[in-house]
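If you check Swiss-Prot, you get these features:
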| type | residues | note |
| --- | --- | --- |
| BINDING | 101, 151, 155, 273, 305, 357 | substrate binding site |
| ACT_SITE | 153 | active site, proton acceptor |
| MOD_RES | 179 | N6-carboxylysine |
| BINDING | 179, 181, 182 | Mg(2+) binding site |
| ACT_SITE | 272 | active site, proton acceptor |
| SITE | 312 | site 'Transition state stabilizer' |
C-alpha cells in the first residue's frame, strides 16, 4: 500500500524523483513501493506496533512511475513524504531518511536520487547561506562583474611563508580572492596557525596597496568540530573576511554549525565539494549533484563549487546551469531538459554564488562570463600561477581578460 497512483501531492510534501533499476523480475510498482516504504515508515515485515500509530499519516507514497527514455528496465519513481517525517532545520535528518538504507535494497540493482522538491514550509526552518550574494557584494564593495579567485598551487608542500607570498602576489595583481586547496588543513609542512598568520599579512598588504577589499578562503575544516571552530574563531580575530569548509567530508552537521557561526560573526563562508563525485558521478546510482546543491543552500554557504562546463571537470552546460539557478535564484521552474523535476520556491532564502573552478584559464573567460553571468566566482589555479612570467602577471592577465569581457 505504499504505491498509491491516485495520491494528490500536497504543497507541504517533500517530493523526490528516484531513478531506479529493479532486479530482473521485480515489477516497477513493487520496487517503487519498496523505496517509499524503506525511506519512510516501512520495514521488512508487518509489526504489531503499526497499530499504535497512523501509518496513513506518516508513510511515504510512490505516486507515479515513468520509464526512462532510451533505457531498458529503468524507471523514474516519484515519492511524496509528509513533512512531519523530518526534523526542522536538519539536512542530516533529511538525508538519513531519504537516502539511508534504501540504497542497499536487494530488490534494486541501482538507485539514484535525481531531485528533491523542498516546500517553503520546510525550507523556512533553515537559516540557509550566512549572508548571500547581495550582502557579500556590499561587504566587498564590488558590483557589476564576477569575482576572480585563485587556488594556491602546489596544493601541498609549500611553507607558510612561501604560501603567503603567493597569496600576496595574486591579490596584488588584481584578484579578489585566493583559496586554500581543499586538501590543505594542518599538515606537518604547514600548520594551520602559521598559514593563517602569513596569509593575513599578505591580505592586508595587498589591500593597502590596491585600495580594494581582498579575501582568502582560510580552510577551517578539521578532524573535530571543536578544532574547526577554533580555526574559524582565529580567522575572525585576524580580521579575515571569509573562511572555507569541505562540507561533504566535514559533514552536514558541522557545516550548518559553522554557517550559524559565520552569520553571527560577519564571516563569509566558502564551500568546497570534495568527495562529491563519489556520490554523484554514476548516472544510475547515488545522488545527483543538484540534490547536493540544494542541501548545501539549506545547510549554509555563500560560495559553492558548481563545475565549469569548459574546464577539466565533467559537466554538461544545460544541467550545470540548472543547478547554478537552483543555487542563486528564488524561484526555479520545472524543466526536464535541464534535469529539474520539480518547481522549487526558495521564498526569501539568500542565494549562493556558484564557483567555476577546475582547469580554466584566460582563454575561457569569454565563455565563462557568458555562461555564469555577473553573480559568480571564476577561480583560476594553474590558470593564474602557470603564467610564464609569474604569479602577479598571471593575476593581471585574469583581471584584464575579465574587464574586457564584461
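In case you wondered, yes, glycine gets a Cβ from its N, Cα and C as well.
Here the features listed in Swiss-Prot are placed on the structure.
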residue	record	Cβ neighbours (10 Å)
101	substrate binding site	11
151	substrate binding site	24
153	active site, proton acceptor	16
155	substrate binding site	13
179	N6-carboxylysine	28
181	Mg(2+) binding site	18
182	Mg(2+) binding site	21
273	substrate binding site	24
305	substrate binding site	23
357	substrate binding site	26
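Across the fold, the C-alpha of residue 182 (Mg(2+) binding site) and the C-alpha of residue 305 (substrate binding site) stand 11 Å from each other.
Over all protein chains present, the Cβ of residue 272 (active site, proton acceptor) has 28 other Cβ atoms lying within 10 Å.
If you compare every pair of Cα atoms in 101, 151, 155, 273, 305, 357, the residues listed for substrate, the longest distance is 37 angstrom. Within 10 Å of residue 181 (Mg(2+) binding site), judged by CA to CA distance, lie the following recorded positions from the set 155, 272, 273: 155, 272. Take the mean position of the Cβ atoms of 179, 181, 182, the recorded Mg(2+) site; other residues of that chain with a Cβ within 8 Å of it are 151, 152, 155, 180, 183, 184, 217, 219, 244, 272. Cα of residue 357 (substrate binding site) to Cα of residue 153 (active site, proton acceptor): a distance of 13 Å. Residue 151 (substrate binding site) and the residue listed as 'N6-carboxylysine' are 5 Å apart (CA-CA, integer value).
Between the CA atoms of residue 272 (active site, proton acceptor) and residue 101 (substrate binding site) there is a gap of 26 Å, rounded to the nearest whole number.
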